[in-house]
Amino acid sequence: MTTVTRFAPSPTGFIHVGNLRTALMNWAIARKSGGTFILRLDDTDRERSKQEYSDAIMQDLEWLGLTWDRLERQSDRLDRYAEAAGDLRRAGRFYECFESPTELDLKRKKLLNMGKPPVYDRAALKLSDEDRARLREERGGYWRFLLDQERIEWTDGILGPISIDAASVSDPVLIRADGQVLYTFASSVDDIDMGVTFIVRGADHVTNTATQIQIMQAMGGTPPSFAHHSLLTGAQGEALSKRLGTLSLRDLRARGVEPMALLSLMARLGSSQPVELFRTHEELLAGFDVGTFGAAPTKFDAEDLFPLTRHYVQGLPFEAVAERIRSLGVPDALAEPFWRVAKDNIAVLEDLGGWWTLFSEGAEPQIDPEDADFIRQAMALLPEPPYGPETWGQWTAAVKEATGRKGKGLFMPLRKALTGQAHGPEMADVMPLLQTVRAKG
């Protein structure tokens, strides 16, 4: 049987690293088994779903190389949900309810005060036909699924054996009074119709899974296998939000995080395997195993992405960055030498721009007061550009002879005068790239 997985985000905001974890696991399972990966946009919320978020989700996944085989939109399947709802009504598994949110809240509080679980009391099943007709006229009804009050069990791919007593769960609301089909129902219909065989999602969906198993069975379908990964928290243990901009994929991309660095961290975070940098999707897939992930909440610190990004960037061949370097205005003759000099001194590729500005426009000299006279003497001995690989050695030898300085007292002030920095690439490699020197003799 072909493995079919899906990633089903709601386009109500930009996706963050928590969403990515779900997407990556489902993508990896499909790709590793030669199966099908579906991107399904769960956009039945007409008020909050936006095309800009749908576009952003697809752009983020494309940036990461998480390609999909099929694109589905729930908004295109409303007729199918209506058909499935009709089937369940005729089977006696859908029933109409009329309580207002306030009335439901009062019932819930009363049960809690009595020390009982806040489970819906199925009062709507006891209404007469006359009462239903009257209430339907007065306020309109919403629809619940009638759960079989028995234990729902499955072997979870991460959490192990799961058993939930359906009697401890309220019959889920599947269609609102305004006709909007809710996630629990639409997702169940889609997963059966689309032949989904394996679903990985967050541990906050475990109860949903129990009810959806019954919904799928009531439709005559075979529920897929499930695995529920732990939820990510922020570095301090705080909950992640889809609208928490600093952890959205958009923001991480803007900060220069490389796709493979992000995927490498997410493919191992919360598992029994150590985090390591993968340079290709194939390397990542070879070591991926959903069974290695644990149930405990997992802390995500965005700062962990930058050592991985630095490692990834510094290992890139010139051919991978040639176009970016040329776009900075680096002459072809200097492009490859520039990369050799700059690559070990950048954290993200965006840092290349700063280095080329330094080389092409000159750096603001950093001159300590006690070195001012020394720098004036030294700069008087520096010829005009262009410079060659031998320039640094010849110049520092001349300065040493003229001033008597040597060692760090010679080299550090000269470096700071030319580059504005106390540390950096070898100056013998820097000199051929310098187009301008702003320090004066």
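A Cβ is built for glycine as well, from the same backbone N, Cα and C atoms used for every other residue.
Remember, predicted model here, so these are calculated numbers, not experimental data.
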Next item on the list: Identify the motif ''KMSKS' region' range according to Swiss-Prot, selecting from 239-243, 349-353, 434-438.
Entry: 239-243
Notebook entry, point to check: Looking at 9-19, 108-118, 416-426, which one is motif ''HIGH' region' according to Swiss-Prot?
Noted result: 9-19
Check: Mind checking how the motif ''HIGH' region' (9-19) divides into helix, strand and coil residues in DSSP?
Finding: 3 helix, 1 strand, 7 coil
Checklist line | Confidence summary for the motif ''KMSKS' region' (239-243), mean pLDDT rounded | finding: 58
